[in-house]
């Protein structure tokens, strides 16, 4: 293993009183909460793209980060060095999973065959790294949005040859994900949307991407991939309007093409912000629709209208999010992946550790608070009491199809229903009593 981060041997749990910046204050992987270890609840993952591929560039400036593996004259040698350093980081951080896009791990090359050869070479490397370290792949995916060929979309492209090239990438990425023991496969429609309706056939593009997803499901079953397929909702950016706008929109799409039993969602906090929702809302919606799959843990900036991909730092926000996950029975094949990047001015390599350690502690403390809320059942009891009338005779007749508008009109003659307080202020105080205890 490399020793790029030679100042750190291993990040360990030292407790809330520790002043060691390279120690966990709240994340104790083996601590049992609600019958599961903290590690099993959170299933933490580090993303390859922001952590090891981004060079610090933005729309107004070139890269600011000094990454030795990005300076290699041989791109494939650079990819191998990147894998060495990535697994050093993962091992020292002590997280069980990682995630990647195909072109994160291997250079795309100048032809399809070169792409395949490079990709397979690095998949061999990752397979060996996983065997050596015990680190696993949470999910893989294909980047069908960066290359200029995808400027008008991949599955929604007006050119079927580009559709085919995207299909080939997904074919290779799915096969690699299965080979590496990946527990999920993610599809994010980065450019599956439009800039203007003046040159867009909405019905056709919707049918194209519907067929693409059906082909993905068909291939999953053909190769015997046992993981979960996930769509990641996002309302806009890079396109003006994306077809996977939010969780509810994705569910409608899945229903239209008969895929609601085959595909779930990977929810990103920052994407919820862009869609005008809370993180909690998107998770609760997915759970209610039985399509909650996995989480991209990050945060956005409410004052900015773009995907800032900052590390999560709010125990208040994440306690409510994890509470919804726990209510839904927890994550199965999914996990909490840090789809987040350090800031452009954070040029010290060890800033990567500070960012992840802080975020992991935020999620760990949020898990503790959410678990206590669920265990006490105080909040849930109030909600159940609020809807208790639906368990009575009238409520059951309505829900079971044994009533009609005419029957309701007759029943209403003998009813004088009175409003009951929603107790929002009390409930907010109750939640704060758990968070800040």
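From the backbone N, Cα and C atoms, a Cβ is placed for every residue, glycine too.
Annotated active site per Swiss-Prot: 101 (among others), in sequence order. Residue 101 (active site) falls within a strand segment according to DSSP.
Within its own chain, residue 104 (active site) has 48, 49, 52, 53, 143 as residues 6 or more apart in sequence whose C-beta sits under 8 angstroms from its own. Marked as active site by Swiss-Prot on the basis of sequence analysis: 104 (among others).
Long-range Cβ contacts of residue 268 (Mg(2+) 1 binding site) within its own chain (separation 6+, distance under 8 Å): 232, 233, 234, 295, 296, 298, 339. Residue 268 (Mg(2+) 1 binding site) falls within a strand segment according to DSSP. Sequence annotations record features per position, and here Swiss-Prot assigns Mg(2+) 1 binding site to 232, 268, 296, 339.
Under the heading Mg(2+) 2 binding site, Swiss-Prot lists 268, 271, 307, 309.
Residue 101 (active site) and residue 307 (Mg(2+) 2 binding site) are 18 Å apart (CA-CA, integer value). Taking the centre of the Cβ atoms of 268, 271, 307, 309 as the Mg(2+) 2 site, the nearby residues of that chain (Cβ within 8 Å, site residues left out) are 234, 269, 270, 273, 274, 296, 298, 300, 308, 339.
Counting every protein chain shown, the Cβ of residue 339 (Mg(2+) 1 binding site) has 26 other Cβ atoms within 10 Å.
Annotated pair residue 101 (active site) and residue 309 (Mg(2+) 2 binding site), C-alpha to C-alpha distance, rounded: 17 Å.
If you draw a 10 Å sphere around the CB of residue 232 (Mg(2+) 1 binding site), it holds 21 other CB atoms from the protein chains shown.
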